[in-house]
Structure formats: C-alpha cells, structure tokens
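To start, the structure itself, in structure tokens.
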Amino acid sequence: MATPGGPRPGNAPPNYNPNALANNMQNLQINQQQSSNVGGTAHRPPNTSPFGQQPPPFTGSRPGPIPPGVFARGPMPPSNPAQTTLPPNMVPTRPTGPPPGSRPPPFASRPPPPGALPSPITGTAAPPNSGAGPRPGPFSFSPLTSGPSAPPQMSSHGQVSNGPPAFGPGMAQSGPRFPPAMGGMPRPSGGPPQSPPVLSSGPSSQPLQVRPSFGSPPAGVSSSIGQLAPPFSTPSQAPPFSAPSPAPPFSASPQNMPPPPGSSPFSPPVPGVLHSSGSPFGMQTWPPQQQQQQQVAPPPLIPGAMQKQQMFGMPPGQPPLPNQSMSLGQTGQSKIDPNQIPRLSTSSSVILHETRHDNQANPPPPATSEYIVKDTGNCSPRYIRCTINQIPCTVDLLSTSAMQLALLVQPLALPHPSEEPIQVVDFGESGPVRCSRCKGYINPFMKFIDQGRRFICNFCGFTDETPRDYHCNLGPDGRRRDADERPELCRGTVEFIASKEYMVREPMPAVFFFLIDVSMNAIQTGATAAACSAISQVISDLPEGPRTMVGIATFDSTIHFYNLKRALQQPLMLIVPDVQDVYTPLESDVIVQLAECRQHLEILLESIPTMFQNNRIADSAFGAAVKAAFLAMKNTGGKLLVFQSVLPSTGIGSLSAREADGRSNISAGEKEAHKLLQPVDKTLKTMAIEFAEYQVCVDLFITTQTYVDIASLSVVPKTTGGQVYYYYPFSALSDAAKLYNDLRWNVMRPQGFEAVMRVRCSQGIQVQEYSGNFCKRIPTDVDLPAIDCDKTIMVSLKHDDKLQEGSECAFQCALLYTTVYGQRRIRVSTLSLPCTNMLSNLFRSADLDTQFACILKQAANEIPSGPLAQVRDQATNACINILYSYRKFCATVSSSGQLILPEALKLLPLYTLALLKSNGLRTDGRIDDRSFWMNYVSPLPTPLVIPLVYPRMIAIHELDEKELELDDSIIPTSIPLSSEHISDDGIYLLENGQDCLIYVGASVQQNVLQQLFGISSVEEISNQFILEQYDNQLSKKLNAIVNEIRRQRCSYLRLKLCKKGDSSGMMFFSYMVEDKTPSGLSYVEYLIHIHRQIQSKMT
Ligand SMILES: [Zn+2]
C-alpha cells in the first residue's frame, strides 16, 4: 500500500501524509490533556482518603480527569430499574447475533489498492485530524451530556438512596448460564425476572435507610421509610432460608432443551440438611464446634492412638484431637490398608452455615462444599476465608504449627441463590462511620461505651466520639438498642454508598473495548471469525446502562480503529501505522455509547472476517495495538478485551520464540528453564502499570496453535486486574462455543471498576503481602482497574505483637469500587476470630481448602524464580512440616510406625501429591501451558483450587443403571483418581473447572456410543468434539451433568473426547494422580515418603 498508514482510500485529504496524521494525533492528545487540566484535576483533600492516611487511590496520578459537569449525573443513579438490573432472564428478549438479512460488507477485503474500496468508506467523515482549530473537549459531543442518563432524584430527607441494585437479582444469585454458541445459537430460555427473596418484616423506625443490594427494585424506596426493615429484625417471621429459588442459572443445553422440571440446582431449601445438586466434591463436613466435639472418635484399628498425654499447649483434660492414623511400616506398602487411606468423602447435602453462634465465630464449611450462609455478624466465608479459624496468639505458636496464616479474599464472590442479599447502607454526605485513627469501618465488633456516646475500634483500640446523629443508647446487654436493625452493626458484610469524598472524579462509565487480531494466522485458523461472532452475540449482554460505551479495533502489523459515530452511514476505518510510537484517533469517535452504535457494531463485526479474508500479513503488533487502544480509553478507563492468536512480532513489546531457543540448548534449557516463565523484559510491565493508573483492565483471549510467550503477555492482564483465557490448540469448530461463553460471562458477571482494596487487621497482626491480579503502588492498598466475582486475592499475615488469649482478632476487607452502573460503593466484609494459645486448637480449626490454596498459589509464585525441583520440594516440605508438628506436639500415639494425620488436614498429602503432578509443577509440560497455569492460579477462588489439582471424575456408563429421572442430585458420586477404577467397558467424565475430558474405554458397547456420541465405534472418535444431545435418556443425563458442572464452576469447560492408545488417552490418564508414574510416586508411596520424613525428623 502506498500509504500504509493512511485512512482507507476515499478519505485521504489532498496531500495526505501519514506522518502528519501521526503528528496531529499526538498534538490532539496534548490538547486533550490541556483541556482536561482546564477542567481541573480534583485533588483530593488530604483528609479524605478512603483508606486512611495513605495517599488516596487516584490522586495526582490521573492526568486528564473528565471535566466536571460533563457527565450530567445527579447524585442518584439512573432511575429506571429495568435498565439497571442485569438479570440473565432479560437476555432472551433482545435480538442476538448478527442482524437478519445479508448486508453488503462495508469494507472491501484487505489490502485493497488505493482508491479501490467501494463507497461505504467514502462519505463525509473527515479523518480525525482534519479539524484544524481548537477542538472541544473529548466528551463535549458525547450524548452523555444529555438524555435521561441520570436524573437526580434526591429525596427530601436526603437519606434514602434509590439507586438500582449493584447487580440484578438473577445476575448475582444465579451464576452463569451457558447457552451454546454453535449452530443455530439458540438463546437460553428463561422466565421473567424473578423476585428476589423478600424477607422484610414489619415496620421499623431506624433513621437510616437500608436496602438489599441485590434485591428489590429501587422504585418507591424514597417514599416509604421503614418499609424495608432488615430481614432479620423480627425472628418470628418466615425462616430466612425459605426463600424460593430463582430460575436455574444454567438453563440451556446444547440442543436448547429447557431445564427439566425439578432440576433447578437450587430447589427450595428447607432448614436443616438439604439435598444438593451435587457439591463439587461432595462434602467434607465440618460441623459447628459443638458437633465437632461429638464427632471426635478414635480412629479405628489403632491401638493406643488415643493415649492421654500432656501435649504442647494442651492442658490436661483437653479432649484428644480427631485424627487419622495409619500403620505404615518402614518396609512399605504391605501394612497399608487401602481403606484407611484418606479420601474425599462425597455427600449430597447442603450445609446451612451461620457465621456466628452464641457470640462465637463458627468455623466455615469446606470451600468445596455446597453451603448456604446466614450472616450473623461475621462475613460469609465466600468473601474471606482464613487458613486457620483461630488465630495463634504468638508468632512462635504459629511457627511451631508450620501452618501459614493467610486470608483468601474474594470481595465480590457470587452468593448462593438462597442467601440474603448484601444490604446497602447510606450514611448520606458524611459517609460511613469510621475509626478516626485507623480508618476501620464501623462493624459489629466495634464496642460502644459510655451510654453509646463513644466507641472503641476493634482494630486499633482507639476510642472515638460517636457522631451525634449516630448516637443510640445501649441496652441491658451492652449492645446498642438499634444494633439488630442496622446492618453495619449486625452483619459481617455490608455495602456503603460512597460519599463525595470517595471520588476524585465522577464514577466512570462501563467501557468495553474489543481488540481483534486479524493477522494471517488468526484469519486462517478461524480465530478472527470466532472472536467477531462471540463479540457480536455478547453485545446484547453488555450491561445496558445509558453510560455503557464500546469501541473496537483490529490489528496485524498496523492498527485499525473504527469510527462508530451514528452520523456516519458506515463505520470508518482509521489506520494507525506507527507501531513503535503509538497514537490513537480521537476517543470520542472510536468509543461510543452502546445504544448509539449497536447496529454499526454488528455490521462491522459481521464484516471483519471478510474484510481481512485475504490478509497475508503474518506480523502482529500486539503491544502497539494494546497501547493504542489504551490511549483511546485513557480518559474513562474500562475493560480492554484482546483476542490474540500469534506471537507478537513487531512494534513495541514484540517478542521472540525464545522457547525454541531454550530447547535447542538442552543443558542451558534445564538449568534456565524457569527463566522462560519470567517476562522477557519490562516493556509490557511498564505499559501495564500505566494502564492500571488510568483504570484500564486488560483481558487476554489467546486463540492459538503456537507458542505465544504467555509468560510475557500475561503481565498485562495480571497487573491490570484482568485474566488470561487460553485456547490451545485453537479449534474453530470446538472452541468457538467456549470462547463465546467465556466472553459472555466475562462481561455479564458481577463486577466493578476503578477499585481499591485494603485489608485491616486487629493490633498484633498485620498484612504482610497481597498476591493476585492487581497493581500495587503503595504497600497497604491494591489497585484493581476491574474486579469481578471470580477474582480472589491472597493476603498473607504476620504477627507484630502478641494477642490476648480469649480475645478476638478481626480482619476487615474494604473494597471501594464503581458498579457497572456508575455508582461508587464500599463493600466492607469483617471477620472476627478467636485467639488461642493452644497448638491443638490451631490444628482443630485448620481450614484445609484454604491452606492448600495458599500452598498452591505460593508454589505458582515460586515457579518462575527457581528450578522446578526446588518448588516441588518446597511443596512437599510444607506438607511434611505441618504433619510433623502435629505428630510431635499433638498426636497421642506412641508407636513410631504409624502415620498420624490431623483430621482437618488428612487430605493434605493427597492434594500435595496432586499438586506435584499438576500442569504447573510436572516436569514434562510445555512452557506456555505452565505459564498459563500460573496465571490461572493467581486469582483462582478457593473452591476451584482443589478440583484444579484433584479433578472430579464420575462414571457415565453407570448412569443408565440408576434411575433415569433427572432429579436434583444430578451429579453422581465421584471416583478416586486411580486407573484401577477405570475399566475398559466404561465411560468416564473428568473435570477440573477448566477442561472436561470424557474417556471412552476400548470395549464400550456400541449402543452406548451411539446413544451418547452418535458414533458406532471408538475408532470414530475425533479430535474435535462437540457435545450434542440426542433423544435418549442417557444423552440427556450426560448433558444435564455437564451443564450442572458448568454452572457450579462458572465455566463452560473445554470438552475433549479421549480414547485409549493415543495422546488424548494419555492426557486423561495423566490426571490419575494416585497412580505411580515414571516420574511420580503413587498415593501410597507418597504417604510412606511423608511418613519416613516425619520419622527422621522425630529422631
Ligand atoms: Zn481504629
């Protein structure tokens, strides 16, 4: 092309010069900044930091805030509840996919000769630099300045907020649904939005207004103070857990089958133990403490196991700890009874969990179990879990236990549909009550004294005056008389409406920018078409606020923006040729209100694969494209969704195929392999930090068939609060559905923007380190350009003082964020746990799932910094040290020939062994696979950690033998991961939250193959598999199971059909982690190894 950087022919002004375009673009950016500065950078007053004395999250670092007044928003959010909730049920009512009828593609295929393009691109639109004079501010033409976006609706007393819920009831409560993306793209069927559980009772007179954040629509709230009484204020009302369940979240099967009646994953619960749709791993029940005491039973067959003896930290008379012991002789396996080996237990009951009982913290159920939480003062374990549910008073006690003290924080976790919504509290202009010293937020554990006139902070111990309008007398029990009516005084989690002081600018709009690789490889593998199709369908699922904005760009060796302005008849392409020094067209042209450009966008997405179908440009300017898109989003922030198919090869941030270099030099490769898991240089990291400063979050969808250096690329999502999706080897046939569903959940799930998070602890404990996907500019806070319900942050803790036995230690996570509807909120979760001086209490209250999640995340963090063998040894040693401590100080068995495992941690060896055999720590994996694993693990929620290393396996062929009614307990009991359980005439499904392998034995009956897969012999199994539903019970049941697993995991799962004797079969058997492998021990051997290590430490 003569002018590779020019706009598409037809638009070039006379004497067009691409460099002039570039220069003008840069000038325009300079102008924008200046105009922004005229608008005034609202520096936060020094005393208004939402997080205490630290620098405010955005001050100063955000040049170019939007000029005040440009967004005509009142203090109240949009008033139309229909637009402000996001129930999935709304989706089917809107058209999906490309518009009907065939439209002429607006662009010719690329690369066209100059002047050869058809008329669509001609037209009156001038190139973005054509305006010579001073240009108005970037948003001055924006429809955001007008229209019904946010009429102020301040109620007369100013205390009632009538904004919409943060997330629609269906949205937050029902998890994802995964309609298929293939074929006819049937939309999920769903009923009308269901009312959220209504739990309010009689009138109440509390002055502060309260409403459920996920609950009832805001209409009418302002007029009826007191009608929204806190749901728990009158215990005589209907039981809190009796709310009807919403529509099943996952309602579409690949054949568009409606969910079978009664198959709702959350059928109406009844108090007590419920039947479940199958908890991920059944349940390892952890009953409340009282019951736990009753369950302390001596393990069978172990003579002398319960001898009484004085234990470290355990007073005489203390009941012995529950544990499991096995006779393990030095000689090995002969003495091991396979029935004694600790295994995952399965149970189909749902646990009802009250977070506090009798003014004491209740240890939570296992993260992998299905449970329903009633928040009675501590936050739900979905939001914060601690590795130990009692806090050691001293650092010495903690080190003796060899356990780690850490929190796993998931501040926006999806609640169970039967749980009460989080309540939103509005303190008006003064903002929430906080400790004036440490800035901790008011919570149920702050103690009011002096007739309520003062309160003592449970974090720093400081005594504050109660604000005059917050005063209330104390009752005979010493609590405030209004404590049960105020969520912030009786609930572990509340959401505060953020007052002005929590904003440095107007809350940002929801901005979604799609960036699509159209280089030769992406086009030829179908990745571009799959991405465009997925985006096109997802457009209708974007949060539909009036402030939702979208943009789109494509890239190969150059970057192509599209002007989506309504005034233009067809989208106009604007090319950015300079991939070293990137600029961007005017953002007001390329990021447009969704409502304004929906049609343009759909036409464009339909045309892109055709436009570029003959593209022969193999180079990819990934870094430059991401940077250019960022520049377009800089003024608002938002989500940048990148679809990338090849190794970035040109422009800033280009990479090389260093994996191949490593392979060709074996000796160096062995020693230096871990360096391939580090980013190659700091270019992308530096860019990512800048993105984070401007609240731009990058998600990366890698649809590739080659090495793309995920270790380098993933720095961008990791630093900006995003994530990596990985489709390798990408198949347009079998991966398109997953790509679509991943993207759909990405934009639909509960999420927030421009967030800052901090965890506070009581005196004596402090945060040592945060780990996860975020950017950190000051030690105490993490910056999250975006955060969603799936993101978890590990917070490791350390002692800085002694704690008092008998006191409680509190942790509080405060997340300041903007909802997708532009409301500023502070979600505050508080967890208060007892302190103990007794080692036995630590083991008794250890949380296996959380502890293992921490071990796994730490291992992932270690992988890039040292040889793999070292990381593997560290994981095993962590396990050994914990069990050794228990054996030495707590167990009461005298025989050294026995392996004693604390009951709460009895599966730790199994999980650790599984970790050693995982994609991340096994020695034979691909570099990109390991990099992806590390990235996947980094923000992984606790409930997904166990299945990642120890997947769930079930027998499919046996489904036929059981009753074929599609009842509540959809998912059958899982099978241990050992090949001795795999028979040749069986079919097995194995899933780990990401992938779902279906293994077909060599001698499966033909009619079963026909029923399930429509094939007549195992030989017909193909590499590319799409699960279809046939008209028979077995097939329906398999589909129902897969759909239920998808719902539980919030993941569509990559399906693969496996058979014996080829690579797919080997992949399946590589998950049999209890087997002995050439490079790994069997489960029994590993137990013996652990036991010997403990014995040698004992002597
Ligand atoms: Zn304080």
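Quick reminder: no glycine exception, Cβ is built from N, Cα and C everywhere.
Noted in TrEMBL for the protein shown:
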COMPBIAS  1-16  compositional bias 'Pro residues'
COMPBIAS  17-37  compositional bias 'Low complexity'
COMPBIAS  53-68  compositional bias 'Pro residues'
COMPBIAS  95-117  compositional bias 'Pro residues'
COMPBIAS  142-162  compositional bias 'Polar residues'
COMPBIAS  197-207  compositional bias 'Low complexity'
COMPBIAS  237-271  compositional bias 'Pro residues'
COMPBIAS  287-296  compositional bias 'Low complexity'
COMPBIAS  306-315  compositional bias 'Low complexity'
COMPBIAS  327-342  compositional bias 'Polar residues'
DOMAIN    432-470  domain 'Zinc finger Sec23/Sec24-type'
DOMAIN    507-747  domain 'Sec23/Sec24 trunk'
DOMAIN    752-836  domain 'Sec23/Sec24 beta-sandwich'
DOMAIN    847-945  domain 'Sec23/Sec24 helical'
DOMAIN    970-1040  domain 'Gelsolin-like'
REGION    1-342  region 'Disordered'
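Helix, strand and coil counts from DSSP across the domain 'Sec23/Sec24 helical' (847-945) read 67 helix, 6 strand, 26 coil. Secondary structure of the domain 'Zinc finger Sec23/Sec24-type' (432-470), assigned with DSSP and counted as helix (H, G, I), strand (E, B) and coil, comes to 6 helix, 11 strand, 22 coil. Model confidence over the domain 'Sec23/Sec24 beta-sandwich' (752-836) is summarised by a mean pLDDT of 97. Counting residues per DSSP class in helix, strand and coil order gives 22 helix, 11 strand, 38 coil for the domain 'Gelsolin-like' (970-1040).
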